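Before any comments, here is the structure.
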Amino acid sequence: MLKKKIPYITAILPAAGTGKRMKSLLPKQYCTIGDKTLIEHSMNALLCQSCIRHCIVVINARDHWFRQLSISYDPRVSVVVGGHTRADSVMAGLQHVKKSVWVIVHDAVRPCLHHEDLLRLFEITKFSQVGGILAIPICNTIKRTYCGTNFIRYTVNRENLWHALTPQLFNYDLLKYCLKKALKNRVTVTDEASALEYCGYKSIVIHGRSDNIKVTHQNDLKLANFYLSKLYKKT
């Protein structure tokens, strides 16, 4: 069988969040671990791959932090202004993609991405016409409560349930079409894969790692610091 080459890819990092859940005046993507911000760690994990030739960072209109970072001057990096939701911001990024068949979307506050996981995502997804995502099987017991209460209604069957992560890698034209349709119809999409699902397309799930965490609350910073220290020792 002939090997199929990994195509050139454009990366999009939605980074228009304002840090409300962190209860901080500083948006969480600019919190630091070591000598780098979370967004720099996340971008570096992507930009070290030769197949990623362009990285579009989508920021808030009032963001004055990103351009203070040295990585913002990397010739591969472009900056655009995002919207009110993640989907709006990703769509804003898609409008600035140039001549790329594939687009990879990664959370700006998910700094602990392993090189091996990224390569596995590339290797498996390149044979797909749609795309795929990193995810991990749900291992904890999941409870559903009655609406508006904290009373347990039932236990959710964990079989075939996965916790979606990023990066998520998709065919550019297909992602743009599906996201545009979802936004037009005011469908809530919490990640890129859900836009594809809405339009009836089947994405691939690629087994990721539980340490690929999204930093949402203050306590997550300590955990990310621990995971990153282990990751850098390994490399």
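Heads up, the Cβ atoms here are built off N, Cα and C, so glycines get one too.
Database features, via Swiss-Prot:
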- Arg21: site 'Transition state stabilizer' (SITE)
- Lys28: site 'Transition state stabilizer' (SITE)
- Arg158: site 'Positions MEP for the nucleophilic attack' (SITE)
- Lys214: site 'Positions MEP for the nucleophilic attack' (SITE)
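Distribution of Swiss-Prot features across the structure.
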{"residue": "Lys28", "record": "site 'Transition state stabilizer'", "DSSP (3 states)": "helix"}
{"residue": "Arg158", "record": "site 'Positions MEP for the nucleophilic attack'", "DSSP (3 states)": "coil"}
{"residue": "Lys214", "record": "site 'Positions MEP for the nucleophilic attack'", "DSSP (3 states)": "coil"}
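The recorded sites considered are Lys28, Arg158, Lys214; of these, Arg158 has the fewest other C-beta atoms within 10 angstroms of its C-beta.
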